[in-house]
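Record features (TrEMBL):
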- H39: active site, proton donor (ACT_SITE)
- 32-39, 149-152, L178, 186-189: ATP binding site (BINDING)
- Q63, Q155: (R)-pantoate binding site (BINDING)
- Q63: beta-alanine binding site (BINDING)
Amino acid sequence: MIVNYTIKQIRDTISTFRKRNPEGTVGFVPTMGYLHEGHASLLRKARQECDVVVLSIFVNPLQFGPTEDLDKYPRDRERDLALAEQAGTDFVFMPSVEEMYPRPMRTQVEVSGITDVLCGASRPGHFAGVATVVSKLFNIVNPHRAYFGEKDAQQVAVIEQMVADLNLPVAIVPCPILREGDGLAMSSRNVYLSPEERGEALSLSKALSRLRVWRVNEELTFGELRHKMKDEIQKSPLGNVDYIEILTYPGLLPIAQDFTVHDADFDYIVALAVKYGATRLIDNAIVRQPLGEV
Ligand SMILES: Nc1ncnc2c1ncn2[C@@H]1O[C@H](COP(=O)(O)OP(=O)(O)OP(=O)(O)O)[C@@H](O)[C@H]1O
Ligand SMILES: CC(C)(CO)[C@@H](O)C(=O)[O-]
Ligand code: BAL
């Protein structure tokens, strides 16, 4: 595995690969590090589908709000490299902030509309920071395929929109959410949780798993479904709900509250963000038609 710290180095590494393998496909997994099995699942999928796998590890200041956890975001580069190698990574790009942003940025990529809701509403500027850094990373790595987790389902929708709008020559590959044995969605931020918070945080995945049962009720409306979600999550007293929303996916448009869930012939997302102390967790289920698989 080759580890590069500068844009020039990683460009040279990838261009050498391309010269030797003109038909070879480049798979790319962008991350902020502190890798877990969720990240490994993206790397393994890329390994199966591509000839070379590039991982980036960069905690991007542009996507953090002024009161968010940029400084204390967990970092463990040695462990990251070991996990990356095990998952079949070929090249790692690990730039410094100065390398990515040597001067004040006067350009940003903004996707409108779908960034006004969910995490975009709670974290103003977040998705402009994500779209901007992902554009830079795509320009540096020039991948054929890029892998993103559906735990950040709004991020997937934003990147897909950006790629389509700007005709970027990369295929976006959404990957399913990996969970701990008890259901908690894997996330680098789970390390912030106290044992009590960790226990209560299960309410997110529990509420989502009850969806299958609730949806069988032919009378249930989207408004009622949202209330059921809320009741389930509020059973955990330590949790502070940021949002519980049900929207079309990937368009992220509102659905009439009195519309019957059983009659939905469109894909939709049940998206949750709940704070436990200072730790904000997200989770979701995407219901795809016609089978309505969660
Ligand atoms: N549990 C998971 N299952 C599948 N993909 C995941 C999971 N967690 C993160 N990813 C994906 O890994 C990529 C990098 O995410 P990131 O480095 O922010 O990790 P994270 O665990 O989501 O961290 P955070 O705690 O910041 O949310 C993203 O595409 C993200 O959706
Ligand atoms: C895509 C990403 C690496 C951009 O910084 C980040 O938002 C993440 O880890 O999901
Ligand atoms: N996984 C999304 C990155 C963030 O929370 O900033």
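For all residues, glycine too, the Cβ spot is worked out from N, Cα and C.
Annotations in TrEMBL come from automatic prediction, not curation.
Since the structure is predicted, the reported quantities are computational estimates derived from the model, not experimental observations.
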If you measure from the Cα of Q155 ((R)-pantoate binding site), which of the binding-site residues M32, L35, L178, S188 is the nearest? M32
DSSP three-state assignment (helix, strand or coil) for G38 (ATP binding site): helix
How big is the gap, in Å, between the Cα of G38 (ATP binding site) and that of Q63 ((R)-pantoate binding site), rounded to a whole number? 21
For the binding-site residues listed here (Q155, S188), tell me which residue's CB has the most neighbouring CB atoms inside 10 Å. Q155
Would you mind reading off the Cα separation of the residue listed as 'active site, proton donor' from S188 (ATP binding site), to the nearest angstrom? 10
Among the binding-site residues listed here, L35, G38, E150, which has the most company in the form of other Cβ atoms within 10 Å of its Cβ? L35
Filtered recorded positions, from M32, G38, H39, S188, whose Cβ is under 6 Å from an atom of ligand 2: M32
Take the C-alpha atoms of Q63 ((R)-pantoate binding site) and L178 (ATP binding site) and report the distance between them in angstrom, rounded. 23
Ligand 3 is in the model; which of the binding-site residues G38, Q63, E150, L178 have a C-beta less than 6 angstroms from one of its atoms? Q63
Among M32, L35, H39, Q63, S188, which recorded positions lie by ligand 1, judged by Cβ under 6 Å to any atom? M32, H39, S188
